[in-house]
Each structure stands twice: as C-alpha cells, then as structure tokens.
C-alpha cells in the first residue's frame with residue numbers, strides 16, 4: 001500500500017497576496033499536498049490574537065498555481081483553527097507560516113502573527129515552523145529563505161519534532177555567496193524601546209504612533225540575534241509551556257503560602 | 001530620607017469600566033501610588049497584539065475614586081507601553097493586570113490580553129502579575145480574588161521576583177468558606193477544541209463563529225488546572241524565554257546542518 005501523501009498547511013501574517021507566502025508555497029512543492037489558509041489582509045503585530053467578538057469569513061481563492069487556497073478574515077491563529085476544522089477536517093502533517101517580510105527573532109516570537117500561527121499549530125499537536133526573512137521589502141529576494149524553508153520542511157517530515165514544539169526560523173538578508181548556513185540557537189533577550197510619536201489631529205486632539213528601536217540586551221552567545229548578525233539562518237525550538245521551573249522552586253521555598 | 005512610594009501600574013483586557021479592574025484597584029489601595037492605564041473597550045482574546053497600523057488615543061478619565069487613570073484605544077500590551085512612555089515617564093515598581101472576568105489558566109496564558117499586558121511588563125523588566133477569576137459574570141464576587149491579588153502584590157514588593165518573570169494567578173470561584181488557599185503550580189497542557197458555528201448571512205454568504213471546548217489533556221499532577229479544580233488559587237511563574245532547551249540539544253544532535 002502506498003504511503004499517504006503528507007498534508008502541508010501553509011499560512012502567514014502578511015496576507016495571502018504577499019510575495020513571501022508565494023515563495024514558501026513554491027519552496028515546498030512536491031513534498032506533499034499543499035493547502036493554504038491565510039489572512040485576507042496584513043496582520044503583522046497581531047500576536048496570538050483570536051477572533052471571538054465577531055464572525056469569520058472564509059473564501060476559496062485561486063492565487064497559487066494548482067494549489068488549494070482559502071482566504072480568511074481573521075488572524076493567523078484563526079486561520080490555523082479554521083483550516084483544521086472547516087477546510088482539512090483533519091490534522092495536517094506539518095504547518096509552515098511565512099515567509100515573513102521582516103525578522104521574528106528573539107522577543108518578536110511573542111508579537112508576531114507569523115509565529116502565533118505556528119504556535120497555534122503546536123498547541124494542536126501539529127509540528128510547525130515560522131520562517132522569516134530579515135528584509136521588510138515587498139520585493140525582497142526570498143531565494144535563500146525558500147531554500148532554508150524546504151530544508152526544514154524535509155527534516156520535519158522525516159525526523160519529526162517532539163510534540164508541541166515549533167521552530168522559529170529566521171534567515172539573514174544574504175546572497176548565495178555570503179550565506180553562511182543554519183545554526184540551532186536560543187532566543188536572545190532583547191526588547192523594543194518604544195518612542196511614541198505624538199501628533200495632533202485636525203480637530204486638535206492628541207494621538208500617538210507606536211515606533212520603536214530593537215535593543216539586543218543579551219550579553220551571552222549562541223543566540224538567534226548573534227547568528228543572524230554573523231550571516232547564518234537561526235532556528236530556535238520554541239515551547240508552549242511557559243512555566244519557569246527555576247522560579248517555581250524559588251517561589252515554593254520563599255513565598256510560603 | 002523617606003523611601004519613595006512604589007508605583008503600581010494597573011491594566012486589564014476587559015476594559016477600564018469592568019468591575020474586575022475596580023476590584024483590583026481597591027484591593028491594592030495603600031500599597032503605593034496606583035496609576036491605571038487600561039483599554040477603553042473589551043480586548044479579550046487579543047493575545048499579545050500591538051497596534052502598529054493605526055494611531056493610538058490616550059485620555060485621562062475619572063472612574064476610580066482618587067486614582068489617576070487613563071483609557072487607551074489600543075490593546076493591553078499597548079497600554080503598558082504607553083503607560084511607561086507617556087504617562088509615568090519611568091518604570092513602575094510592579095504591574096498588575098486584571099482582575100479578569102474568566103480564568104486564564106494553562107494555555108490561555110497565550111491567548112489572553114490580560115496575560116499579554118503582564119508579559120509586556122516582564123519584557124520591559126517590570127515585575128508583573130495577571131490575576132483572573134474563574135467566573136465570567138459581569139457581577140462576579142471578586143472578594144477572594146482581591147484578597148489573593150493584595151497578598152501577591154505585597155510579596156512582589158517585599159520579595160521581588162527574578163528578572164523578566166511574570167505570574168499567572170488564577171482564583172477559583174469560591175466563597176470564604178470553601179477557598180482552600182494558594183498553590184504554586186506548573187502550566188497544564190490543555191487546549192481548546194474548536195467547533196466553528198457555521199451560519200449563513202441574510203445575503204446567502206457563509207460565516208463562522210468561533211466556539212470551543214476547553215480540554216485538559218495533562219495527565220500529570222501539580223498543574224494550575226488541578227489546583228483550581230481542588231478549590232485553590234494557582235500561581236504559575238511564566239518566562240518570556242520560549243526556547244525549549246531539550247529540543248535544542250536534540251536538534252543539534254539529530255538535525256546536523
């Protein structure tokens with residue numbers, strides 16, 4: 001009996017018409033049955049938002065040559081939930097999210113819609129990876145990122161990840177000539193330093209635009225920020241169990257209840 | 001010289017007019033200078049969304065007797081960022097988020113706007129806690145949750161948490177008579193099983209409401225789900241470093257790049 005073709009669910013947070021998701025679909029052609037369920041509009045910075053206060057729309061579209069695809073009015077996490085329940089009616093073998101226009105290294109794993117789709121998949125026991133390119137341009141060159149994405153997808157299908165683990169894959173904005181390869185990393189401690197841009201509207205009322213500067217505050221080695229800076233793609237294995245075991249022991253000893 | 005009064009930043013995701021945030025403000029009166037910056041409308045399920053695609057409004061309001069308070073048009077994470085940069089102009093000593101109308105135990109830490117505000121504070125090196133009550137009602141009895149919140153806040157001010165740790169505090173819907181006390185716990189492995197409610201609009205087009213059933217799939221002990229079921233309040237220390245160290249070692253050994 002022939003082995004069933006694996007189902008590869010693809011989503012993103014830049015929207016179904018972004019060049020990054022097209023690059024990802026093309027990168028993994030031939031590895032299985034590809035199904036796309038992605039937001040109908042950009043959803044960057046949506047974190048792990050889900051839509052409970054209003055209804056969701058889901059419409060079949062024809063944007064990837066020969067690939068079944070649906071656009072959804074919800075968030076990236078909504079897309080994964082709807083894909084499983086209303087499109088596939090079963091669990092896909094793997095879920096890939098991206099390729100994001102812009103990096104999601106370090107603390108961005110928490111803010112990123114791309115990563116939240118991958119995290120939603122991991123919660124639902126679907127091995128997953130979010131892939132992001134360190135270039136925000138619409139017409140960025142996705143060729144290295146596509147090559148890394150295919151490599152990661154192949155490994156996910158042949159050497160499965162432990163349960164409930166997702167991969168945060170970031171690719172430097174490199175050419176074939178200066179790309180150094182792939183490194184397994186830990187998440188750097190970094191954060192955004194906000195500087196709100198304060199303006200006044202035509203009616204004299206205040207408003208603020210969020211702008212920020214990315215600060216790498218990590219003094220150690222082996223981080224994703226460091227790998228990217230050195231020209232490597234970074235892979236950070238990410239858990240959905242956020243318990244801090246060391247602090248748990250400390251609290252039990254010091255905060256006696 | 002007199003010691004500076006600690007600054008306690010309070011926010012939530014149910015909106016500044018929810019009874020839960022009033023209960024939290026009243027619970028910690030006297031412990032320091034309380035400042036409230038909270039969403040002007042409900043933000044449940046917003047996860048760690050931040051607002052980058054449109055501008056934010058921030059307006060002073062008078063809703064808590066004698067307490068400085070601002071309402072913000074953004075998400076809970078936006079509130080923490082704006083509070084620090086545009087209201088306080090300095091780091092508060094602690095940040096408390098809640099009291100949430102409904103629990104945020106287990107995997108809900110990832111979906112919850114209440115917890116994302118606490119997580120944003122932890123990223124910014126502000127010790128923080130999200131407090132949630134296992135009762136979704138508008139007019140829930142917050143007295144036990146308020147008592148736990150004050151107890152936790154007092155400890156946070158006197159026995160400071162390690163850097164970048166937040167607490168996920170959940171309180172059972174108990175009376176003084178049957179409340180069992182507080183337990184330090186680990187995050188249970190649980191997930192929502194979605195069952196989308198499929199409807200047709202008056203123009204004949206399909207739409208979906210997200211509904212779901214909470215499934216506790218954790219077979220172990222010491223979890224927050226278990227503690228709440230047994231009548232205890234649960235405290236899970238939460239990290240912002242999502243690296244899975246065990247899988248990192250496995251990838252280094254097995255996924256040779």
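Yeah, the Cβs are placed from backbone N, Cα and C, and that goes for glycine too.
From a predicted model like this one, the values you see are computed outputs, not experimental measurements.
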Per TrEMBL, B:13, B:14, B:44 bind divalent metal cation; matching candidate in B:59, B:100: B:100
Output field, divalent metal cation shell: CB within 8 Å of site CB centroid, site B:13, B:14, B:44, B:100 dropped: B:12, B:15, B:18, B:20, B:42, B:43, B:76, B:98, B:101, B:102, B:112, B:113, B:114
Binding-site residues near chain A, Cβ-Cβ under 8 Å, from B:13, B:14, B:44, B:100: B:44
Nonlocal neighbours by CB distance (under 8 Å) for residue B:13 (divalent metal cation binding site), same chain, sequence gap 6 or more: B:39, B:42, B:43, B:44, B:46, B:75, B:76, B:97, B:100, B:112, B:113, B:114, B:116, B:117
Overall pLDDT of the domain 'Survival protein SurE-like phosphatase/nucleotidase' (B:8-194), taken as the mean: 95
